[in-house]
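Visitor: One structure, pasted below without further comment.
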């Protein structure tokens with residue numbers, strides 16, 4: 001283990017030339033440099049954030065001065081928790097659903113119809129109801145988005161207020177002056193640890209929330225975000241890291257606000273908020289990020305500090321992030337164009353509730369097309385806000 005640790009923490013990889021871990025281990029009195037051990041404090045904070053989220057979202061929990069917030073707001077907008085139609089217990093169909101297919105084709109439907117002596121339409125309805133059991137309701141998604149909106153708005157406000165008072169906000173060369181002997185201030189430490197704890201809490205909540213189609217994608221995303229935040233903290237690139245986090249947080253709360261309007265069926269408000277979000281996203285990710293952040297990490301740092309192995313890796317990861325920004329911007333622009341030309345676009349493919357049996361025509365329908373998605377998604381909502389959620393949700397810090 002000692003050999004593995006020595007290999008992983010090799011100074012020639014992590015630190016500039018002629019700098020050792022020993023140089024950073026014994027700072028002057030009152031001076032603190034980032035240490036890897038500081039990151040462990042994010043874990044208990046993540047549990048606290050996770051508990052706070054439960055209190056914030058759930059209707060049945062109440063604490064003296066902190067009553068559940070999201071659920072009453074949802075009810076005031078006539079978004080109720082209501083339980084959808086559940087599939088009647090059936091061992092044969094449940095086995096097919098869990099081990100073979102959740103969306104049987106016409107061949108499977110005909111075979112199951114004969115085996116159970118049911119009409120094909122009844123088998124279709126059972127599978128549709130069974131699929132919808134595993135999908136979150138509009139009320140659940142509203143509460144989740146309200147929690148994210150609240151956090152993103154608070155952390156962006158804190159980050160902007162903190163950075164407003166720092167010299168590197170106005171001159172990014174200060175990100176590299178004196179590097180790596182840069183003091184870790186309490187404000188910067190709280191900003192970093194809170195962001196890191198939030199993404200740890202998202203990792204935790206994925207295993208308790210209703211499982212969605214993009215579970216593995218979002219799990220990898222959260223893991224990558226945690227890795228990037230931790231990486232920049234360990235090698236003391238926290239000044240430029242704080243700029244990256246602030247740039248990303250600037251548009252995230254707008255997307256969540258647009259989703260809230262969508263769930264509440266305020267379509268015009270959703271449209272307006274989506275436009276505001278799109279503009280903010282394009283400006284922060286395609287203009288400010290490359291001109292302000294990448295210019296500093298790639299060119300200013302080269303001139304002031306010089307390259308070294310972890311510098312190359314850090315810049316490579318930031319460039320990959322810029323490529324993702326371009327891809328997401330293209331997807332958002334495509335949604336906006338469709339919205340203008342057609343007046344509507346596809347729904348959120350992650351968790352839309354399929355059309356209920358009450359909306360089915362009375363005439364029987366053959367084949368798998370009988371259980372298509374409702375054109376309006378859950379509770380009649382539609383629009384590009386829901387589609388945007390499927391493409392750019394949670395692509396926040398880093």
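Quick reminder: no glycine exception, Cβ is built from N, Cα and C everywhere.
Automatic prediction, not curation, is the source of TrEMBL annotations.
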Visitor: If you check TrEMBL, which stretch out of 95-138, 139-182, 183-226 is marked DNA-binding region?
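Guide: Based on what TrEMBL states, DNA-binding region spans 95-138.
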Visitor: Quick test of your reading of TrEMBL: among 312-333, 334-355, 356-377, where does it put transmembrane segment?
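Guide: TrEMBL lists transmembrane segment for residues 312-333.
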Visitor: According to TrEMBL, which listed range is transmembrane segment: 251-271, 272-292?
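Guide: That would be 272-292, the stretch labelled transmembrane segment in TrEMBL.
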Visitor: Tell me which of 36-56, 57-77 corresponds to the transmembrane segment entry in TrEMBL.
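Guide: Based on what TrEMBL states, transmembrane segment spans 36-56.
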Visitor: Helix, strand, coil residue numbers for the DNA-binding region (95-138) per DSSP?
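Guide: The composition, in the requested order, is 31 helix, 0 strand, 13 coil.
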